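What TrEMBL says about this one:
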BINDING   His185, His233, His297, His480  Fe cation binding site
Amino acid sequence: MDVEILGRVLSTLPGDDDHPYRTGPWRPQTTEWRADDLTVVAGEIPADLDGVYLRNTENPVHPAVERYHPFDGDGMIHVVGFRDGKAFYRNRFVRTDGLLAEREAGGPLWAGIAERPSKSPRQDGWGARGRMKDASSTDVVVHAGTALTSFYQCGDLYRLDPLTLDDLGKSGWGGAFPAEGVSAHTKVDEHTGELLFFNYGTAAPYMHYGVVDADNRLVHYTEVPLPGPRLPHDMAFTENYAILNDCPLFWEPELLAKGAYASRFHPELPTRLGVLPRRGGAAEIRWFEAAPTYVLHWVNAYEDGDEIVLDGFFQGDPEPKDDGFGDKYRRMFRFLAIDRMQTRLHRWRLNLVTGRCTEEQLTDSITEFGVLNNSFGGRRHRYAYATSGVEGWFLFNGLVRHDVLTGAEERFTLPEGVYGSEPAMAPRVGATSEDDGYIVTLTTDMNEDLSECLIFDAARLADGPIARVRLPERISSGTHATWASGASLPGWSDAESPATAVDL
Ligand SMILES: [Fe+2]
C-alpha cells in the first residue's frame with residue numbers, strides 16, 4: 001500500500017468526549033488520505049470490478065452549540081476505486097461554506113437538528129427550517145461524471161471529482177439553482193442521464209420537484225403544493241413518473257409558530273403518495289392514500305400495466321416511545337434504530353385507472369438502507385440489498401439480499417463489534433443479469449481498530465466477502481453510498497491504473 005497524508009483538519013472536540021455518535025465506531029476522522037494499491041488481506045479483487053464506490057459520512061469537527069445529533073456532522077466522502085484487480089482510497093471533507101466558516105471561527109456557528117435555530121450564533125444559514133449548517137453529509141450520487149453531495153434538510157449540491165474527491169464548487173445550473181435548495185436523495189436515471197430532485201420547507205407551497213438533464217441544465221421545476229410543512233426524505237421514479245410523498249410525520253404546527261421544531265406522527269392521517277409525469281406540473285399530480293407511516297427510504301418504483309409499483313421501507317412505529325431502557329443517549333436516539341422504528345420492506349401499488357392504492361408487507365425481516373443495481377432504477381427490479389441494524393443503535397451489522405419476486409432472503413452478518421455502511425451494487429463489466437455483479441461496503445472494526453472494504457458476489461451474499469481490502473485507518477461509521485462504473489467517469493479510460501487514475 002502506497003500511502004500519503006493529504007491534509008489534517010483541526011478538531012475542537014473534547015478529548016474526553018462521551019457522545020456515542022462521536023466516539024467508538026462513530027469516532028470522526030481528522031486526516032485526509034491518499035492510498036494506492038491497497039493491501040488485499042483476503043481473497044482477490046475481481047478484474048471485472050471497475051469503477052468507484054463513494055460513501056458520505058457525518059464527521060463532526062467541532063462540538064455542538066448544546067446538543068449534538070449525528071445528522072449534524074460535517075460531510076466527509078470516502079472513495080474506493082477498483083481497476084485491473086487493484087484498489088485505491090481517498091477521503092476528503094466536503095468543503096462546504098459552513099465548514100469553512102466554522103474553521104475560521106474555530107467553533108460551531110449553527111445549531112443542529114436537536115437544538116432550536118434561535119441558538120445559532122449566526123443569523124443566516126441553510127435548511128428547510130433555516131439557520132442550520134448545510135453539512136452536505138447525507139447522500140452522494142454521481143451525475144454527468146461528477147459526484148454530488150447533499151444534505152437531508154436541503155441545501156446546495158457540492159461537486160467533487162469522483163476519483164480525486166477534489167472540490168469542484170457547487171452546482172449552479174447556469175444560475176437556475178433553486179433558492180429553496182435541494183434535498184438529499186436526488187435520483188439519477190442511468191437510462192436518460194437525468195437527475196431528478198425535490199426540496200421542502202416551511203413556506204407554501206412547501207415542496208418543489210425538478211429535473212436536470214444529462215448536460216447539467218435545469219430543464220424542469222415545479223411547485224408541489226402540500227397541506228403544510230412536511231419532512232419528506234426520499235423520492236422515487238419510473239420511466240414516465242416521479243413519485244413524491246406526504247407522510248403524516250411532520251413538525252408540530254403550534255410549536256413551529258414558536259420557533260421550535262418537534263416532529264410528531266399523526267396516525268389519524270393517511271400517507272399520501274404523489275405521482276406526476278416526470279416533466280409534469282402541479283395540476284398533473286395525482287395523490288394516492290395509503291396506511292399511515294413514515295418512509296425514510298424507497299428502494300425503487302416501476303410501471304406495471306395500469307399500476308405503479310413502489311417498494312420502500314414501511315415504519316411499523318415511526319414514533320417509538322421511550323422504553324426507559326439504556327442510557328440517556330440510547331433513549332434520545334431511539335428514533336435512529338431500525339428495530340425501534342420497525343422498518344420492513346413494503347410494496348405499494350398505485351392504480352392509475354382506479355386511483356386506489358393497495359399495499360403489502362414483503363417480509364418480516366427488519367432492514368433499511370436498501371439499494372439496487374442502479375441500471376434498474378425506474379425499471380422492474382427483482383433484488384434489493386439492504387442493511388440489518390444493531391438493536392437500539394444507528395449501526396449496521398450486516399447485509400440482506402431481498403428477492404422481491406420469490407421473497408427469498410440471503411443474509412451476511414458481520415462479526416460482533418464490526419459495523420458496515422450502506423452497500424452499493426456494482427454491476428460486473430459485461431453483466432448479463434440484474435444481480436451479475438458485486439456488493440461493496442466499508443467496515444468499522446472495533447475489535448481490530450481498522451477498516452476494510454468488503455466485496456461480495458451479489459448473487460452469493462451469504463457466502464461472505466470474496467475480497468477484503470485494508471483502508472489506511474479506521475473510519476467512522478457512515479451511511480449513504482453509491483457506485484459509478486469506470487465507463488461512466490470522464491478520464492477513467494485514459495488512466496493506466498487506479499494509482500494514475502487519480503492524478504488526472
Ligand atoms: Fe437517507
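Residue numbering: from 1, along the chain as shown.
Each Cβ is built from the backbone N, Cα and C atoms, and glycine gets one as well.
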When you measure from the Cβ of His185 (Fe cation binding site), how many other Cβ atoms are you left with inside 10 Å?
22
Using a 10 Å radius around its CB, how many other CB atoms surround His297 (Fe cation binding site)?
18
Using a 10 Å radius around each Cβ and all protein chains in view, which of these binding-site residues has the most neighbours: His233, His480?
His480
